[in-house]
Amino acid sequence: MALTLLMVVAVLGNVASMSLYAAPTVTFKRVIRKKSTEEFSCIPYIIALMNSLLYTWYGLPVISNKWENFPLVTVNGVGVLFELSYVLIYFWYSSPKGKVKVAITASAVLTVVGVIAIVSTFAIPDHRHRKLLVGSISLAVSIALYASPLVAMKKVIETKSVEFMPLPLSLSSLLASLLWMTYGLLIRDIFVAGPNVVGTPLGILQLVLHCKYGKRRQKEEPNKQNVQEEKVDMEMGHHKDGNVPSN
């Protein structure tokens, strides 16, 4: 029964997390369409790539005991593919100066991950201490990733608009955090549950902001429509009088 529950939570966690990984595809379709990275930053995607690489390594038998953390390998393995794709697309369409910045940052991250992999494999003899090293670093990087939702929430409060924080993304984030926190608690692994102990309250707070400012947006949309309709009526009136509306 306990094993079945664990597998169900792991599968649902994989699905929720993959929907989060796929979310930035909208942004990168725009980058490809405009052939420009505009004002977008690549740093969150490079940090996310580092996070996925570390947790994939953490879940492998080299660090964990056999395949006890196999669900981490599957979800973060997919995460590596998504995040690497985003970084490469960003690199391709960025300016020459931007390309240098991406190359330096990504190289530094990959070097750090490589050093962690080598040290944890050859310098530390047992799984317990390997998990402690890789898990601690993964935990710190994962918590750092929550800077992005905090920035989005700050923007929502300042603008009183949820335009920059889509509801499906907020729901997926909360669901993924809840599921992985549950999974981490079930297997008694602080390095899996820890980041999501932070992520779950942030996800709830995002939904609170949607409840507060989402209604405001719904009220503003009819007003905008009425203003547009009045503008059309005025322009039609000008045409009837033989006048051409100025641009």
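Cβ from N, Cα, C; glycine included.
Automatic prediction, not curation, is the source of TrEMBL annotations.
Positions annotated as region 'Disordered' by TrEMBL: 218-247.
Annotation comment: TrEMBL describes 6-28 (among others) as transmembrane segment. Under 8 Å from some Cβ of the transmembrane segment (6-28) lie the Cβ atoms of residues 40, 45, 71, 74-75, 78-79, 82-83, 85-86, 89-90, 169, 172-173, 175-176, 179-180, 182-183, 186-187, all in the same chain and six or more residues away from its ends.
Feature annotation from TrEMBL assigns transmembrane segment to 40-58 (among others).
Here TrEMBL flags 70-93 (among others) as transmembrane segment. Long-range contacts of the transmembrane segment (70-93) within the same chain, counting only residues at least 6 positions beyond its ends with a Cβ under 8 Å from a Cβ of the stretch, are 10-11, 13-14, 17-18, 21-22, 24, 28, 31-32, 35-37, 40, 42, 45-46, 48-49, 51-53, 55-56, 58-60, 99, 102-103, 106, 183, 192.
Remote same-chain partners of the transmembrane segment (100-120), defined as residues 6 or more beyond its termini with a Cβ less than 8 Å from a stretch Cβ, comprise 42-43, 46-47, 49-50, 53-54, 57, 62-63, 87, 90-91, 94, 130, 133-134, 137. For 100-120 (among others), the entry in TrEMBL reads transmembrane segment.
What TrEMBL records for 132-152 (among others) is transmembrane segment. Non-local neighbours of the transmembrane segment (132-152) in the same chain are 44, 47-48, 50-51, 54-55, 57-58, 63, 116, 119-120, 124, 164-165, 173, 189-191, 194-195, 198-199, 202, 206; each lies 6+ residues outside the stretch with a CB under 8 Å from one of its CB atoms.
Annotation comment: TrEMBL describes 164-184 (among others) as transmembrane segment.
Here TrEMBL flags 190-209 (among others) as transmembrane segment.
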